[in-house]
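> The structure is given below, and queries will be raised subsequently.
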Amino acid sequence: MAARYWDKLQDLSQKYKDYVIQNPTGATQLESAVRMLSYLIAGRFADSHELSELVYSASNLLALLNDGILRKELLAPPPTEGSRRRLLTWLGVLESLEVFIEIGAARAWGDRTRWAAILIIQLLKACLRIVLLFWYRAGIQSSPPVTPLDREGILNQAEDNSNSGSSCFVGRRSSRAVRSLDDSASSHRRFWRSPQIHDGKQRNTGETESDKDGSELGTLGTLAEAIHILRPITHLLSLATWGQKSWKPWMVAAALDITSISLLSDVRNLSHRERAELRRRMFLLLYYLLRSPFYNHYTETRLLLLLRLLGDYVPGVGLVARPLMDYLPVWQKIYFYNWG
């Protein structure tokens, strides 16, 4: 009985993989539909926030699953990438579920369990990132850890690889390319559209550079990245020591982030992905204006006044400003929205 259900499950899994490979656009539309559903659910009924976050997490996991299927089938990463890719995938799963786990733990078991769940998640993430940094030489680690695929570019590249010089015929008058029967791919690898003829230039799918080993950071660069990785743990420990209303945890976290960014800015020969991640971290320093206790003492009254003025005097802005004003207190109570 169990073997029969297992066979059915494997058959269903294979059918879904074939569907994603043959219809990546349809898979993308499915992910967007699930994500849109999470927005529609929010605020509709009691416990809608938890359900909305669950659906949103499911959409992120679905995108991660579909990217993994396409990456394995169409890009064929080398076997040596397997263990590193699994660590990145688990890191992506944790980041996709962290908000739902936090609010679910708070709802089911209370605030102490919520903080325990937050600490466990941050410890797991830090351990995975430390292994990637020191064992796999991952360099500056980006967020999200698994770079989303350029699916259209990968499909076109897969077609380019399958369309060698003798694999298709190009009509002289119509310039239309037609595959030969001998060189047609198997049914689950076949793309049901006309082959494209290119000038031989390699397409950039967004995968090549981001999947390479990180740049050589050197001693100071590695120390700076380790500071960035351990900053959430340090912040949680300082919260436990001085309390949530103290300025000390806020200042310690800000000092660690600024120190890490300053040291990493001096590292040369960073890849394009690493430079983009460094710019993202610089921009995220603005989040400290929205983090307590700075938010409670300075930002809250000014931000609410600005949103109220925009909502009252700028046509159409109120549709966004008023729900945002209502949501800000909820957003402030969720740790991973602020400090994740």
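Backbone N, Cα and C atoms are what each Cβ position is placed from, and that goes for glycine too.
In case it's useful when we look at the structure, here is the feature table from Swiss-Prot:
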COMPBIAS  196-215  compositional bias 'Basic and acidic residues'
REGION    71-86  region 'Required for peroxisomal location'
REGION    196-216  region 'Disordered'
TOPO_DOM  1-89  topological domain 'Cytoplasmic'
TOPO_DOM  111-114  topological domain 'Peroxisomal'
TOPO_DOM  137-340  topological domain 'Cytoplasmic'
TRANSMEM  90-110  transmembrane segment
TRANSMEM  115-136  transmembrane segment
> Cβ under 8 Å to the topological domain 'Peroxisomal' (111-114), counting only same-chain residues 6 or more beyond its ends: which ones?
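Same-chain residues near the topological domain 'Peroxisomal' (111-114) but 6 or more away: 102-103, 105, 335.
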> Average the pLDDT scores across the region 'Required for peroxisomal location' (71-86) and report the rounded value.
76
> Let me spell it out: take the transmembrane segment (115-136), skip the flanking residues so only those 6+ beyond its ends count, and list any with a Cβ under 8 Å from a Cβ in it.
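For the transmembrane segment (115-136), the sequence-distant neighbours (Cβ-Cβ under 8 Å, at least 6 residues beyond its ends) are 84, 87-88, 90-91, 94-95, 98, 101-102, 105, 213, 222, 225-226, 229-230, 232-233, 236, 335-336.
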> Taking helix as H, G and I and strand as E and B in DSSP, count the residues of the topological domain 'Peroxisomal' (111-114) in helix, strand and coil.
4 helix, 0 strand, 0 coil
